[in-house]
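One structure is given here, and the rest of the page talks about it.
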Amino acid sequence: MPKYHLKAPYSPKGDQPTAIARLVEGVNQGQRYQTLLGATGTGKTFTIANLIAQTGRPALVLAHNKTLAAQLCNEFREFFPDNSVEYFISYYDYYQPEAYVPVSDTYIAKTSSINEEIDMLRHSATRSLFERNDVIVVASISCIYGLGIPSEYLKAAVKFKVGETLNIRSALRELVENQYSRNDIDITRGRFRVRGDVLEIGPAYEDRLVRIELFGDEVEAIRYLDPTTGEILQSLEAINIYPAKHFVTPKERLNVAVQAIRDELRGRLQFLNEQGKLLEAQRLEQRTTYDLEMLREVGYCNGVENYARHLAGRSAGTPPECLIDYFPEDWLLVVDESHVTCSQLKAMYNGDQARKKVLIEHGFRLPSAADNRPLKSEEFWSKARQTVFVSATPGDWELKQSDGHLAEQVIRPTGVLDPLVEVRPTQGQVDDLLAEIRIRAEKQERVLITTLTKRMAEDLTDYLAENDVRVRYLHSEIHSIERIEIIQDLRLGEYDVLVGVNLLREGLDLPEVSLVVILDADKEGFLRAERSLIQTIGRAARHVDGMALLYADNLTDSMSRAISETERRREIQKAYNELNGIVPRPAGKRASNSILSFLELSRRLQTDGKDADLVQITGRAVDALDSDQDAGLALDALPELIDQLETKMKEAAKNLNFEEAASLRDRIKKFRQKLIRNT
């Protein structure tokens, strides 16, 4: 059994010991589904850490967004400094999928931007799963997408061992086949160089260099080096260098795959011709024939993922292998904020297939492209042997699956009570809100404000900034790493107020926040449903003076139930504190930034020398610009305009408005060329 060393400056308190014991018993007895129902701030993460430590299982902790995943990863790294805690999220900073719009006969090629630091962390996760059994991987929903074949990835690793004979030519050939490139001048991740009897490699999964020192044909030494100073960090007896990409296809399998693709193409062309779809048949034949030539000659082509089923040797309709398949058999799944995450699992497959269907029907892809997909919900759950759902508001599906196997946490170890909830009328709400913000700012406390629409959030941010409030606006187009920075800066006091739409609910650990404001609380819908209201109110549940302000003119059923549940928990907590002589105290949790320091950010805010708030709120200025005005733009205005256009392009791609995204992409390209010509 893996040995987890849980290190914490405190021991389980309140109802944590009971919850831990119940969950551990359930896992040891083989219970497939359990639920930890814990109010915000009751230490659910610490309870799960104790569960993992006591059961000794490799664990996958699934979060519904990248920000929450980063926060959880930080916490688990603090609890388990001697064990392997990994971070696995999508490595795309920007991703516009391949698409076709039949109405306008517009084809849009796939465009993307990969974050190299996150790619390194993904490789680090799979490497740890192969080499250790004390592994906790904190992941987003991206873990249900195809990730090569674990057995081939492991088999392809290039092995070095001190004292063994090494054929250097064979080793270099294997590195190239594993998609490492030779560069004798600049060595970074995914590259290697040879200098005399020394081979240096930049592994895909870490930022240290590996030096293999030879004496003749014998491996004399293996060392880790600092990539900047060249200082020797560690000496090793043996090492495996895993492929630079997760998708590894042996030569013999590639030949079989090429033939299978050719056979499928032949059958599909016959079908299209019989249907009288001559244009589609010609298009498909031309594209696929070119791809086959590229695969045969260099082993790769643009859009190679569309042939993943053939390259992996899978049958039609079979699920792809993903991160889950890299885990050993006795792994444990923890689904954080399960009421949101489980719904996401169900939605991913349908959205992917709708887009692929159009591409296949119009001759852009073979039918097998549909098998390059995320797991279906039922496929995912069939792979999960034991699951613990974690939420303050678990969904009906999770409760049904758990079948009464439930552990509840209401008591906070700090003695902090659930926030006071106050409903105020909407008339004069902005001025009232401004007064409340100033009170908190004087006490160096933080405020979260959630609105119903993006436009409303932008307008409110504008107004607060004009009234000298230190405010930021958190929106969906912000890169995942920058999003983590924004949360970090709020905690560190760089600003006092954070405004958002649906980004301020589940799981955010912000003990400095004393006030949560919910505008339009009486507008029934997803964002103002009972569970959403309870979650949003809970963002102030880590502060001794926590308070939630709901601006509304009516008391809806959702509001009434959310307020009643908050008051019920508050009464239980108050009674426990009185019985045990507990005085509420601040959480005192420091603002950890281990993910940020680990990543060596490729960029920070794009506002060097400018007012951050102004740049954040002027995105709508892009709407006033059309292509006829582009020629007259001043050069010094182009960098900011490019940033704003990129934001709009990403929003359009996210909303499946591919024509607008492609148009914006072309304008960005034109502006960049103009900058290059004139600088």
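Cβ coordinates come from backbone N, Cα and C, glycine included.
Note that the structure is a prediction, hence the values are computed from the model and not measured.
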Task: Stretch carrying motif 'Beta-hairpin' according to Swiss-Prot (options 91-114, 139-162, 235-258, 499-522) - done: 91-114
- [ ] Only counting partners 6 or more residues apart, tell me which same-chain residues put their Cβ under 8 Å from the Cβ of G43 (ATP binding site).
- [x] P12, K13, G14, Q16, Q409, R412, P413
- [ ] Quickly jot the same-chain residues contacting the motif 'Beta-hairpin' (91-114) by Cβ under 8 Å, restricted to those at least six beyond its ends, or write none.
- [x] 122, 302-303, 355, 358-359, 362, 364-365, 479-480, 646, 649-650, 653, 656, 658-659, 661-662, 665
Task: DSSP residue counts for the motif 'Beta-hairpin' (91-114), split into helix, strand and coil - done: 0 helix, 15 strand, 9 coil
TODO: Work out, from DSSP, the number of helix, strand and coil residues along the domain 'UVR' (639-674).
DONE: 33 helix, 0 strand, 3 coil
Task: Cβ neighbour count (within 10 Å, all chains shown) around T40 (ATP binding site) - done: 26
Open item on the list: Applying a 10 Å Cβ distance cut-off over all chains shown, what neighbour count does A39 (ATP binding site) have?
Closed with: 24
